[in-house]
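Just passing along the structure, written as structure tokens.
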């Protein structure tokens, strides 16, 4: 009688016992009258020794990635043949029976880490790519993370509830994926971009602690690392302040990292206002794993002879500077030219520089710095081999452009510690931003966020100055999640709709069902949504979220595996009252 086990169950207690393993052939080596087979399953690897003449005939047919069943006796290997790179390297199975469960065609790429296969091949044969150890472990970690989330939140009295995936189309920035209704001719469902409205309705229902590991859908233009469908942890709570969300998420993420990676994070994350983040890091999602802080030098250049900077200051602009200590030798003229071109992408008027040699400014705009030389040297402790970069522009443009220069320089100088996880809360965001193209205000995050109390009475007088009860969670320079305390009265929600250009009739048409619900005793409530895919990408040091999604789409929102999206027969279209026009016209 053979005991069926997995590869990871091999141990000393099974020596000389008869075992059975069902697994895949990772490697097979023929040595005359002996064949060695390395088996792999989800759990581990094991070596099989075949020396029986009848079985050798079977092994002569076996190739890599065949799925086979092996029965045999577990033995210790000779001490000089122990493979210390395998956990089971001290054991081998002396084969008594071998059955080929199924054969494997010629492989499109080798099933090994760092196999250099192109992305489309890996996606087309995703079921093979998932056999690679590195890739497999990422998907297993995903399961562990979602399991930890469910356990933690359930113990905190949260209800895991499922909101609809066929919803009314209420575009929130990106385009909706639309699903035509066969029953309701000419009408369409949308796939949700987020469960936002429904989780708020859940709070109005009195179900005060909700979470969902939610599938979300956005029909966005193709761009490197976007996926048309993605997963987020969605949380909403009643009768709370943002502090409650901060504490909950800090404890949850601490538990996730401890349980899955055995990493102890700080129990309290850093906090920073939006204004400070922009001024100091040039980003509302700053990477704080390295210092390289942006300086505001506007007040010094009021005395400068450099008219370009003086004119910008007179027009209420700003001068942002980045000081790179003891690295001037690493910035050749060609490298500086590249940085100047990079700055132009962000619509700034230019990137300027000056190096320090022999206790003097040299190169770039050095000749315009003589009047303020001593002030800058003393204020910033400047020394030889330092280099300063300057951007002069409107506040927002200068901050964002210098923030991108900061990131590029940090990458080029390898300043980032890849093995650390720096979490950060950003809060006090503007509630609205002005769109120069439409000449209208739009929600900076979304339309359901509560303005801070001091702005509510004067909301319409200067929307660009209004701050919201809005917060983002940032990890290693990436936005991991976003949340807010929500509007909970119809009157205030209607005012916000009006500010962003939704007149009463449009608001009623799109959101009437939600506005009506706000008239039935809505509680104070708020929440957050965390990108599961992005969290896992960072946890696994992956370069793409595709690596942590079981069956992802490619960069063009298509699936090489099943060839989705695909055309459908005309009879299906007729049932839906649809016709396809020639897209070329």
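Cβ coordinates come from backbone N, Cα and C, glycine included.
Straight out of Swiss-Prot:
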- 172, 218, 445, 486: L-aspartate binding site (BINDING)
- 218, 219, 220, 227, 479, 531, 532, 533, 534: ATP binding site (BINDING)
- 196-199: region 'Aspartate' (REGION)
- 31: site 'Important for tRNA non-discrimination' (SITE)
What residues elsewhere in the chain lie close to the region 'Aspartate' (196-199), defined as a C-beta under 8 angstroms and at least 6 residues from its ends?
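Residues packing against the region 'Aspartate' (196-199) from afar: 163-164, 167, 170, 172, 210, 212, 234, 236, 446, 448, 511, 514, 527.
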In the structure shown, which of the binding-site residues 218, 486 has the fewest Cβ neighbours within 10 Å?
218
For each of 31, 445, count the other CB atoms within 10 A of its CB; which of these recorded positions has the top count?
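The residue with the densest Cβ neighbourhood is 445.
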Across all the protein chains here, work out how many other Cβ atoms are within 10 Å of the Cβ of residue 220 (ATP binding site).
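14, counting other Cβ atoms within 10 Å of residue 220 (ATP binding site).
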Helix, strand or coil by DSSP: which one applies to residue 31 (site 'Important for tRNA non-discrimination')?
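Its secondary structure by DSSP: strand.
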Per DSSP, what is the residue tally for the region 'Aspartate' (196-199) in helix, strand and coil?
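In the region 'Aspartate' (196-199), the DSSP-based counts are 4 helix, 0 strand, 0 coil.
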Would you kindly give the Cα-Cα distance separating residue 534 (ATP binding site) and residue 31 (site 'Important for tRNA non-discrimination'), rounded to the nearest Å?
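Per the Cα atoms, residue 31 (site 'Important for tRNA non-discrimination') and residue 534 (ATP binding site) stand 47 Å apart.
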At its widest, how many Å does the recorded ATP site span between Cα atoms of 218, 219, 220, 227, 479, 531, 532, 533, 534?
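The span, Cα to Cα at its widest, is 20 Å.
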